[in-house]
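Colleague: Grabbed the feature section from Swiss-Prot, which reads as follows:
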BINDING   PHE18, SER19, GLY20, GLY21, GLN22, ASP23, SER24, THR25, THR26, CYS27, LEU28  ATP binding site
BINDING   CYS197, CYS206, CYS209, CYS212  Zn(2+) binding site
Amino acid sequence: MSTSLVSKPLASKAVVVFSGGQDSTTCLIQALTQYDEVHGITFDYGQRHREEIEVAKSLAKRLKITSHKVMDVTLLNELAISALTRDAIPVSHELMENGLPNTFVPGRNILFLTLAGIYAYQLGAEAIITGVCETDFSGYPDCRNDFVKAMESALVQGMDKQLKIITPLMWLNKAQTWALADKYQQLDLVRHHTLTCYNGVIGDGCGDCPACHLRKRGLDEYMQDKTAVMASLDASEPKA
């Protein structure tokens, strides 16, 4: 009989950038099936829809994730002028002169992914998961795949650590994102207990802001033909 110690395999760990909205909650739900430890990180940047922080706290407890950190990054609010950081600026359906929505917060995802990378480094996590998407998105340049790949390269080189930024929703449309939540039997939770609305209305939202329009259009498409949308989701998933 051997007396040597058998080393226990290291636990797989992921850090999820978690706002409490539809996309990040869906990513969190999926991560819970794929990693031994799932750590959520939520950023308080003085956002217009501050209710999302409390929503994120509630969902983190409900889903029983390993840990949940809320980080104060209100300096971003001082630097970045946007409809999401200034109550006096109404959310517009029109693009600004630079071709971007006035809800774009410059540097937000650069800062979020940098801080999530530092947190992942300290935890010994191998992955950062974020719900950015290039298929159905609001025109934000920091939601593009090229940006994410550049950030991943910067983090790996800057910290000399193998670290992946995983974007499960990057090539999904909103209907497929709803299907993904349903695949894990969490469609009702995502629909009724997340906050995507720019005006801070939980669940189906205000129905008027761009975020609500995008969310509702995707839900309607999914509910009209669940079988077809689920099949398209399955077809989009990478094969082992």
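Glycine is no exception: its Cβ is also placed from the backbone N, Cα and C atoms.
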Colleague: Considering Cα atoms only, can you say which of GLY20, GLN22, THR26 is the nearest neighbour of CYS212 (Zn(2+) binding site) among these binding-site residues?
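Modeller: Nearest by Cα distance to CYS212 (Zn(2+) binding site): GLN22.
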Colleague: List the residues in the vicinity of the Zn(2+) site, defined as same-chain residues other than CYS197, CYS206, CYS209, CYS212 with C-beta within 8 angstroms of the site's C-beta centre.
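Modeller: Those within range, site residues removed, are THR196, TYR198, ASN199, VAL201, GLY205, GLY207, ASP208, PRO210, ALA211, HIS213.
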Colleague: Tell me whether PHE18 (ATP binding site) sits in a helix, a strand or coil according to DSSP.
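Modeller: The three-state answer is coil.
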Colleague: Using the centroid of the Cβ atoms of PHE18, SER19, GLY20, GLY21, GLN22, ASP23, SER24, THR25, THR26, CYS27, LEU28 as reference, list every other same-chain residue with Cβ within 8 Å of it (recorded ATP site), in sequence order.
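Modeller: Close Cβ neighbours, site residues excluded: VAL16, GLY131, THR194.
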Colleague: Looking at the binding-site residues listed here (PHE18, GLN22, SER24), whose Cα lies nearest to that of CYS209 (Zn(2+) binding site)?
Modeller: GLN22
Colleague: Rounded to an integer, what is the Cα-Cα distance in Å between GLN22 (ATP binding site) and CYS206 (Zn(2+) binding site)?
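Modeller: GLN22 (ATP binding site) to CYS206 (Zn(2+) binding site), Cα-Cα distance: 15 Å.
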Colleague: Determine, to the nearest whole angstrom, how far the Cα atom of CYS206 (Zn(2+) binding site) is from the Cα atom of SER24 (ATP binding site).
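Modeller: Computed Cα spacing between CYS206 (Zn(2+) binding site) and SER24 (ATP binding site) is 19 Å.
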Colleague: Relative to the Cβ of THR26 (ATP binding site), which residues of the same chain, six or more apart in sequence, are found under 8 Å away?
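Modeller: Same-chain residues close to THR26 (ATP binding site) (Cβ under 8 Å, separated by 6 or more) are GLY131, PRO168, LEU169, THR177, LEU180, ALA181, GLN186, VAL190.
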Colleague: Hey, which of the binding-site residues CYS197, CYS206, CYS209, CYS212 is the loneliest by Cβ count within 10 Å?
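Modeller: Among the binding-site residues CYS197, CYS206, CYS209, CYS212, the lowest count of other Cβ atoms within 10 Å belongs to CYS206.
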